[in-house]
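Pulled from Swiss-Prot, these are the features on record:
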| type | residues | note |
| --- | --- | --- |
| BINDING | Gly255, Pro256, Ser257, Gly258, Val259, Gly260, Lys261, Ser262, Ser263 | GTP binding site |
| DOMAIN | 155-294 | domain 'CP-type G' |
| TRANSIT | 1-68 | transit peptide |
Amino acid sequence: MQTFSSAAALTSILRRTTIYHGGFGTGLRIRRSFYFLSAIRQENPNVTKNPHPNKTILRSFLAPVLPLDEKPNLVELQAIGTIATALADYMRVIVQDVPESDNGEDDKIGVELLCVVRKLLKKIGRTVLVGDKVLVDKVDWVDRRAKIINVFDRVSEVLDPPVANVDHLVILFSLDQPKIDPFTLTRFLVEAESIGIRITVALNKCELVTQEEVESWKIRLRSWNYEPLFCSVGTKVGIDEIAFNLRNQTSVIVGPSGVGKSSLINILRSSYGGDIKHEEVFKPVSFFLSYFIL
């Protein structure tokens with residue numbers, strides 16, 4: 001309730017003028033007065049004003065985070081999948097589950113959908129990362145398009161590169177072309193250790209250096225408590241060992257530009273395509289997710 005103080009209500013004459021109408025010598029005298037009423041509003045100290053509700057909190061109730069271990073009741077044209085790649089405002093989602101009543105259910109598992117993110121998720125500040133398990137709606141199975149309407153809870157999150165639900169991190173460097181830089185490798189290792197997930201160090205292009213240099217890096221990394229893997233995408237040396245380390249987990253391959261990340265993914269696709277679940281996940285982008293069922 002608002003009250004007005006009688007003492008504060010003031011009536012003031014702003015202007016009092018005399019105006020003449022008519023020609024010279026025959027004017028009609030009219031007096032006009034203008035008044036302005038002003039008052040000072042006082043708040044009642046006994047009344048508590050309710051604060052405005054937080055719009056972000058209200059919107060978050062419309063899209064609560066889904067528990068990772070629970071499956072929502074899917075309706076027609078909905079599906080559950082994992083984000084494989086992200087480019088600008090578009091996400092590629094690998095379908096993992098569809099409604100049980102959906103005809104051709106088996107044919108839709110593993111399909112890749114090009115998706116956009118629901119605007120509400122952006123307004124409430126909910127990030128959507130590669131590796132996220134998501135709920136998609138309005139699926140067009142012909143054009144393979146859909147909309148991401150919600151995100152499941154995460155097990156883990158990597159900040160650089162931004163990716164979620166990772167079990168295993170592969171740090172890939174090359175021994176030459178470009179030559180491995182100890183400072184850059186240390187920075188990658190420190191950031192990886194802060195995540196708290198399993199780490200594998202792989203050194204590519206071992207055919208371009210001497211055996212003495214390979215042994216030198218093996219001794220150095222072992223002194224840092226890492227067991228390095230040496231490989232050559234060009235000669236396919238050590239690829240089997242890397243594939244073995246990628247089994248039954250979600251892995252991310254990171255490293256500087258030019259070390260052979262894309263080449264490694266391509267050779268894994270071509271050599272182990274029969275053992276890879278959802279091989280569409282392997283794309284030559286800045287990071288890669290792998291799903292092995294060996």
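Keep in mind that glycine also has a Cβ here, set from the backbone N, Cα and C atoms.
Note that this is a predicted model, so its numbers are computed, not measured.
Summarised by DSSP class, the composition of the domain 'CP-type G' (155-294) is 53 helix, 32 strand, 55 coil. Confidence annotation: the domain 'CP-type G' (155-294) carries a mean pLDDT of 81 in the model. For the recorded GTP site, residues Gly255, Pro256, Ser257, Gly258, Val259, Gly260, Lys261, Ser262, Ser263 set the reference point as the centre of their Cβ atoms, and the other residues of that chain within 8 Å of it by Cβ are Leu172, Ser174, Asn204, Leu264. Neighbours of Ser263 (GTP binding site), defined as other CB atoms within 10 A of its CB across all chains, total 14. Non-local contacts of Ser257 (GTP binding site) by the CB criterion (under 8 A, 6+ apart in sequence, same chain) comprise Pro178.
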